[in-house]
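In what follows, a single structure is set out as structure tokens and then discussed.
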Amino acid sequence: MSVSLVVIRLELAGHSPVPTDFGFSAAAGEMSDEEIKKKTLASAVACLEGKSAGEKAAIIHQHLGRREMTDVIIETMKARADEVRDTVEEKKPSAAPVSAQRSREQSESVNTAPESPSKQLPDQISFFSGNPSVEIVHGIMHLYKTNKMTSLKEDVRRSAMLCVLTVPATMTSHDLMKFVAPFNDVIEQMKIIRDSTPNQYMVLIKFSAQADADSFYMACNGRQFNSIEDDVCQLVYVERAEVLKSEDGASLPVMDLTELPKCTVCLERMDESVNGILTTLCNHSFHSQCLQRWDDTTCPVCRYCQTPEPVEENKCFECGVQENLWICLICGHIGCGRYVSRHAYKHFEETQHTYAMQLTNHRVWDYAGDNYVHRLVASKTDGKIVQYECEGDTCQEEKIDALQLEYSYLLTSQLESQRIYWENKIVRIEKDTAEEINNMKTKFKETIEKCDSLELRLSDLLKEKQSVERKCTQLNTRVAKLSTELQEEQELNKCLRANQLVLQNQLKEEEKLLKETCAQKDLQITEIQEQLRDVMFYLETQQQISHLPAETRQEIQEGQINIAMASAPNPPSSGAGGKLQSRKGRSKRGK
């Protein structure tokens, strides 16, 4: 036998206090609180990520629908042993101070006189108003069931916490304690939760171990609370109990969980095992059996007048059309059908609210099972779909029911074959996906190795780049310096060339002047040499004459020089005389 575990989520308003010791998880030993919270809010975080504050508020309001937050009263009752242990632990630290104070007071009473009674009164007296075990919070209680069934075998982990879904309000806390009295020794704590649902409350019972919870489940599940009333104890295993704020996305859908509506007549949760769900136009849901016992046309809860025709005020919340409307049985959202704009189906995709009812004929559609569930119920023994027992007496209605049942059987068989086909296809896809994942992992490892090698190479190249940049900077500095020096040298060369031209012109002029000066000097030297020769000749002649006798000198002084004609050659005898005369003439010129 298998059961579905439930998840209880308390969605609180922003200003509401958080109840103490409400959180629980059957997988607490396997996962930490942070991991559990992260897994719980994964879909909500993914849905709200990257949205603005206005968009987040709109999404949260869309999933809340017409549900309103009310006061939820939580009464906690702990085991007696725990209370005794807590009391002892509270008294232990104060035992020594009390004894010391008493001894100090006794010693003071011996040494001093007793004081007046007014002085012995304490300055401050502590007191507590109200019941400390009762907490009042403001929010909405959500009940989810897991899509995966859990076996009731002993070796399968389930939970150490059970939930009594519907306890009648006629049962007081004292009556409830009597009901669970045989298991008082193994119960750690009980939490009685009262919300806006009238005439009932819910109880969370935490046991010491899962074996104790299994014993209580086997003994009390389906058992009447007392022999007078017909109400029975409906127990479910609690996989997780959590408290979340509304702004964190507590009303958003949770992966692998389905939120269950409840019948407002019998106050029982409406699971797929209890089909025939009907929701009136005033947004109250009932079991088909509960509503059939109501002969009036008004709503059993609010006395709203029901009519078979669609109300004109009803319209799609998205596009505003008033035909082919479907109402969500979880939050009351009204959307158009798949033949208009598919807003009802889009609401299911966004919120995972499974059941929707057509407003015109009250037919209920299950989006998860993809079939109608308003005329079919599931047998509790074998789980097969059986015909809903209609109380109508007309033959026409029986024929219609038979046709509907036949169509449902045909649809079920076809869906079963489709399920097998798609499951096989999913297996093949999973196999191919696993191979692709392995290939991608291999490629990923290779890519990681390449990235590591490229990173090493990149680091080396960066170092080389830095060294080259430093060298380039140095070379640029040197080039700039050399360019400056080259400019200076070019300017200097230009100046030198200009000076060279000036000097060359001056040199030419100096050479020309030197030549003229040299020519003049040569002429002067020639004249001076001739004069010097004449002087030397004169001096030599004078010396020679000075050595001659006096008569000769006188003869020379008185002698005359005659210049003969050049045509007749001179006789040899006159040669000496000619020479003598020329010398005399020179000597005279010299004198």
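Placed from the backbone N, Cα and C atoms, the Cβ positions cover glycine too.
According to Swiss-Prot, the feature Zn(2+) 1 binding site maps to Cys316, Cys319, Cys336, His343. For Cys319 (Zn(2+) 1 binding site), the count of additional Cβ atoms within 10 Å of its Cβ stands at 11 [all protein chains shown].
The Zn(2+) 2 binding site annotation in Swiss-Prot covers Cys328, Cys331, His347, His353. In the three-state DSSP assignment, the secondary structure recorded for His347 (Zn(2+) 2 binding site) is helix. The number of other CB atoms found within 10 A of the CB of His347 (Zn(2+) 2 binding site), across every protein chain shown, is 25.
Taken from Swiss-Prot, the feature coiled coil applies to 430-536.
Residues annotated as compositional bias 'Polar residues' in Swiss-Prot: 108-124.
Swiss-Prot lists Ser52 (among others) with the feature phosphoserine, giving similarity to another entry as the kind of evidence. Listed in sequence order, the same-chain residues six or more apart from Ser52 (phosphoserine) with CB atoms under 8 A from its CB number zero; the list is none. A coil conformation is recorded for Ser52 (phosphoserine) in the three-state DSSP classification, outside any helix or strand.
Annotation source Swiss-Prot lists phosphoserine at Ser116 (among others), citing similarity to another entry.
Taken from Swiss-Prot, the feature phosphoserine applies to Ser118 (among others).
As annotated by Swiss-Prot, region 'Disordered' applies to 82-124 (among others).
According to Swiss-Prot, the feature region 'Disordered' maps to 563-591 (among others).
Positions annotated as zinc finger by Swiss-Prot, on the basis of sequence analysis: 263-303 (among others).
Mean model confidence of the zinc finger (300-392) amounts to 74 (pLDDT, 0 to 100 scale). The zinc finger annotation in Swiss-Prot covers 300-392 (among others).
Within the same chain, the residues at least 6 positions away from Cys331 (Zn(2+) 2 binding site) whose Cβ sits under 8 Å from its Cβ are His63, Leu64, Gly65, Arg66, Arg67, Thr351, His353, listed in sequence order. According to DSSP, Cys331 (Zn(2+) 2 binding site) sits in a coil region rather than a helix or strand. In this structure, the binding-site residues His343, His353 were compared by how many other Cβ atoms lie within 10 Å of their Cβ, and the smallest count belongs to His343. Contacts of Cys336 (Zn(2+) 1 binding site) defined by a Cβ separation under 8 A and a same-chain sequence distance of 6+ are given as Cys316, Glu318, Cys319, Val321, Glu323, Asn324, Leu325, Trp326, Arg342, His343, Ala344, in order along the sequence. In this structure, the binding-site residues Cys316, Cys328 were compared by how many other Cβ atoms lie within 10 Å of their Cβ, and the smallest count belongs to Cys316.
Sitting within 8 Å of the Cβ centre of Cys328, Cys331, His347, His353, and not among those site residues for Zn(2+) 2, are the Cβ atoms of His63, Gly65, Leu329, Ile330, Gly332, His333, Phe348, Thr351, Ala356.
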